[in-house]
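Database features (TrEMBL):
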{"type": "REGION", "residues": "32-65", "note": "region 'Disordered'"}
{"type": "COMPBIAS", "residues": "50-65", "note": "compositional bias 'Polar residues'"}
{"type": "REGION", "residues": "78-111", "note": "region 'Disordered'"}
{"type": "COMPBIAS", "residues": "88-98", "note": "compositional bias 'Basic and acidic residues'"}
{"type": "COMPBIAS", "residues": "99-111", "note": "compositional bias 'Polar residues'"}
{"type": "TRANSMEM", "residues": "124-144", "note": "transmembrane segment"}
{"type": "DOMAIN", "residues": "130-284", "note": "domain 'EamA'"}
{"type": "TRANSMEM", "residues": "156-178", "note": "transmembrane segment"}
{"type": "TRANSMEM", "residues": "212-230", "note": "transmembrane segment"}
{"type": "TRANSMEM", "residues": "242-261", "note": "transmembrane segment"}
{"type": "TRANSMEM", "residues": "267-286", "note": "transmembrane segment"}
{"type": "TRANSMEM", "residues": "293-314", "note": "transmembrane segment"}
{"type": "TRANSMEM", "residues": "326-350", "note": "transmembrane segment"}
{"type": "TRANSMEM", "residues": "362-381", "note": "transmembrane segment"}
{"type": "TRANSMEM", "residues": "387-407", "note": "transmembrane segment"}
{"type": "TRANSMEM", "residues": "414-436", "note": "transmembrane segment"}
Amino acid sequence: MDVKAAPNGVATIEDRILRITGYYGYYPGYSSQKSTSRSSVTRCKPGANCPSSHSSISRQLSPLSVTEDSSAPILELQSRGSSGVCGHRAERQNRSGDDGTQTHPENSSQENRIKARCLSCTSMVLKAIWGLLIILSVSSSWVGTTQIVKITYKNFYCPFFMTWFSTNWNIMFFPVYYSGHLATAQEKQSPMKKFRECSRIFGEDGLTLKLFLKRTAPFSILWTLTNYLYLLALKKLTATDVSALFCCNKAFVFLLSWIVLKDRFMGVRIVAAIMAITGIVMMAYADNFHADSIIGVAFAVGSASTSALYKVLFKMFLGSANFGEAAHFVSTLGFFNLIFISFTPVILYLTKVEHWSSFAALPWGCLCGMAGLWLAFNILVNVGVVLTYPILISIGTVLSVPGNAAVDLLKQEVIFNVVRLAATIIICIGFLLMLLPEEWDEITLRFINSLKEKKSEEHVDDITDPSVHLRSRNRAIGSVSIPLA
């Protein structure tokens, strides 16, 4: 029976089955060639010699017999069907094994990355928590110091003696640092070894008498002037005004660094400096340029200026210091103050510029509270740089302004008019502008560009989603009909 060839060249049903099932040995005309080979075989009667047929078989067929050859395609299909499935399974298992060996290091690397991210996130969270605590501690210690000074002035007004007394407490800075070292460090060092290690801030040779006098004297004088002028300003102005004016030291630090240290020029910091100067003038104008107001503003601005000069000179001659070196240096300032500046309050006492009746009449509670909070403020400022971000320390300092304002309002010592309130806000804004990093404009542009890219990607995804659904539906509809021919 002759079978007509299909339009696509497939001759028989067997060819169609082989093509559909994916039989790799299939080629067009496979079944027709087998049928011709089978038809060419001549069947002989038993006992008859058929040399021509044997020769034709030997020429056309393999060495197998006719019966084996006739059953070969079916056997081969069955073996292909069973072994093909098993072969695919074996290949899949081998591939899965190879993929397992390849994905094992990938999984471990992904786990390491996840652990690293978790550690970085936890460290950031801890830094933020420490930063919040230090912000509150710095602002509260500075507010407490300022308010205790105002309370002390009601019965005792000796600003230089108070400055000298509180500066002597700086000697305790290094013992406090060493106590923390003993409590936290795994490898503990002796006090002398730690003292020599931290004295490298003065040079490779450590602290010598020459360096003690040369490096400590100017900084001790600037430290004393800063605190003394601050206390003088508190006598003339309210705590809110003095703390706000003292925040101008950031602007003065920038101007001095730009002039002396040749730091990078930044327009935003120039604007902040102008805002600080504007706030100073408005603060003096708040009381209609009263004599006490002008003198108090001058004292506060002088305190901010000496503080800025102290920071710039420290950066010029000593550079940056770690926590231990800062503790050593501040304690050295306390020793210098005790040894070389103690004659000044004695002279003021003998000349009756700062006189008191007896030592028993001194307000030791207020004096010790002021000195302790001042020491805590200095310790927190240096500890905060180690535990958290330095910018948070500055934020804690500027938060002392609203803190003092709240206390003054409760005590009814200040009446905020429009000019004083505007001056305080302008100075605080200028202080915050000083905290911007040098690459703030580049960081801002990158942030804006990243936001634009995210919005554009979301817009593209919203547009492409309907087309993807349509394509998937078309593919699903088209995969229903599978042509056999």
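Quick reminder: no glycine exception, Cβ is built from N, Cα and C everywhere.
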Interface present between the transmembrane segment (387-407) and the transmembrane segment (124-144) (three or more C-beta pairs under 8 A): yes
For the domain 'EamA' (130-284), the mean pLDDT of the predicted model: 88
Tertiary contacts of the transmembrane segment (326-350) (same chain, 6+ residues out, Cβ under 8 Å): 158, 160-161, 164, 167-177, 195, 198-199, 201, 207, 212, 216-217, 219-220, 223-224, 318, 356, 378, 382
Maximum Cβ pairs under 8 Å to the transmembrane segment (212-230) - stretch from the list 156-178, 242-261, 293-314, 387-407: 293-314
Same-chain residue ranges lying at least 6 outside the transmembrane segment (293-314) that approach it to Cβ under 8 Å: 218-219, 222-223, 225-227, 229-230, 232-233, 235-237, 241-242, 245-250, 252-253, 255-257, 260-261, 280, 283-284, 286-287
